[in-house]
């Protein structure tokens with residue numbers, strides 16, 4: 001077992017609602033750690049519509065999904081939250097009243113007094129490519145997210161996909177890997193034009209390979225990949241050496257392991273009471289799109305409201321002997337000091 005990471009609050013989901021919750025918690029002296037299955041913060045905003053304008057954030061006439069994420073990250077800087085990205089909380093065990101032990105699929109173990117589920121519609125799950133036997137290599141040679149770039153040092157890496165993730169990791173891993181092969185169904189990419197230009201320049205210089213087609217089979221033993229068979233768009237079949245494969249076929253939304261934690265569910269959503277958005281288990285809260293209650297509206301601004309009320313109740317669990325005196329950031333010198341503006 002890895003060393004236990006102890007924190008006041010563990011937040012599952014680093015989208016806008018989770019990020020703002022960390023701000024509210026920080027004002028009340030509660031330390032937060034985040035776990036998110038995505039390899040970057042921002043949730044749906046950053047993953048699905050980073051450049052799409054949002055028009056219903058109070059006081060901000062319009063902002064992009066990435067712009068909102070960047071602003072929230074700047075806002076929570078004074079509280080130094082810790083992020084564990086590319087991971088998913090698999091198990092939650094109650095060890096106190098309240099206290100919880102949470103374990104991720106990467107083997108990290110957290111102990112917290114408060115657990116906040118801010119996972120949007122659930123966890124983003126990578127789409128598995130239709131390659132026979134690929135399951136045997138998952139987690140050892142086939143990866144759906146990059147957790148450590150060093151994992152791919154001096155390896156022949158096959159990256160499959162044509163979106164931003166595929167292009168970004170092609171460029172980022174190029175200096176690390178022995179050889180990068182990018183495979184896509186067609187010679188058109190749904191990625192930032194500058195990234196596509198950089199990739200094509202590397203191909204032209206002979207520093208990486210670009211192939212058009214799809215993977216039809218994998219070769220290897222004991223979960224260790226040694227090669228892949230590719231059927232090209234011209235129907236020619238070739239074999240390439242590869243030690244690692246990174247398929248980026250997009251994401252699908254699933255409730256995920258939440259269903260196994262003993263939390264009450266209602267149509268794949270988490271019902272909560274509306275004074276603090278607590279679930280049926282004391283100390284576990286749900287905010288944002290994943291929760292449900294009478295009159296629920298799935299707006300980011302509603303999730304901000306939920307995070308503010310949640311933090312007030314969370315304070316009772318983290319500091320049971322401490323009386324909470326409500327303060328305003330406009331007039332409280334102690335809050336301004338925490339924010340570094342006094």
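Cβ coordinates are placed from backbone N, Cα and C, and glycine is handled just like the others.
Database features (Swiss-Prot):
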- 17, 36, 44, 49, 89, 124, 289, 330: FAD binding site (BINDING)
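The structure, with features from Swiss-Prot marked on it.
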residue	record	DSSP (3 states)
17	FAD binding site	helix
36	FAD binding site	strand
44	FAD binding site	helix
49	FAD binding site	coil
89	FAD binding site	strand
289	FAD binding site	helix
330	FAD binding site	coil
- Query: What residues, ordered by sequence, lie under 8 A Cβ-to-Cβ from residue 289 (FAD binding site) and sit at least six positions away in the same chain?
  - Reply: 17, 120, 121, 298, 303
- CB contacts for residue 330 (FAD binding site) [other CB atoms within 10 A, all chains]: 7
- Of all the binding-site residues given, 17, 36, 44, 49, 89, which has the fewest Cβ neighbours within 10 Å once its own Cβ is left out? 49
